[in-house]
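Asker: What follows is a structure written as structure tokens; I'll ask about it next.
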């Protein structure tokens, strides 16, 4: 099963990704993780990526594609993988298609988690994180038993500086401008599965599994 997971910031991709990789026994491939690993190991691609990141610049498509295709060429991806955070735009999607075609394989499904912008903003603005253990809460949807105190370790909860309405709205707009066109791109290939992400977590996962089927 070869899957791409799409969805705006705050759509719950991280939560659903855990369930997907467990159910289908495939590696979870995140571009952020790939960048960090290559930089840490000092690979040639990692060094090039670090040069851009140190300057606060976006890593060019060509370099990002190189890192991802290198990762999905590895043995543990032989029977499938789930891409999260890639492709970010249609150009990256086209590069990926060329690579997969040359490798004699194809994508099975692109899971697109859809959530209304107002809900995405509400989710992010209400998020609270434990300073000690990193547990995540939400003032409305998943509040701690005691306000401002972590249920797990009794650590102090805080709000991330970028979890404000203005910053979150900008992140969503970047997604809409850059990544949303991928939905049309994959729709034309007939492999998109639109999933309503404003439902209960279990229901969202149930819908994803129904769209993916039994796997290969």
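Every residue, even glycine, has its Cβ placed from backbone N, Cα and C.
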Asker: Which residue range, 88-125, 126-163, is the one Swiss-Prot calls region 'LID'?
Answerer: 126-163
Asker: DSSP three-state call for residue 153 (Zn(2+) binding site): helix, strand or coil?
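Answerer: SS state of residue 153 (Zn(2+) binding site) = coil.
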Asker: Assuming the binding residues for ATP are exactly those in the record, 10, 11, 12, 13, 14, 15, 127, 136, 137, 199, what is the maximum CA-CA distance in angstrom, rounded?
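Answerer: Taking every pair among 10, 11, 12, 13, 14, 15, 127, 136, 137, 199, the longest Cα gap is 19 Å.
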Asker: So, three-state DSSP: helix, strand or coil for residue 14 (ATP binding site)?
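Answerer: For residue 14 (ATP binding site) - judged by DSSP and reduced to three states - the answer is helix.
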Asker: Drop a 10 Å sphere on every Cβ of the binding-site residues 88, 127, 160 and tell me which sphere holds the fewest other Cβ atoms.
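Answerer: Among the binding-site residues 88, 127, 160, the sparsest Cβ neighbourhood within 10 Å belongs to 160.
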Asker: DSSP says what for the region 'NMP' (30-59): how many helix, strand, coil residues?
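Answerer: The composition, in the requested order, is 22 helix, 1 strand, 7 coil.
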Asker: What residue among the binding-site residues 57, 59, 150, 153 has the most other CB atoms lying within 10 A of its CB?
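Answerer: Most Cβ neighbours within 10 Å: 150.
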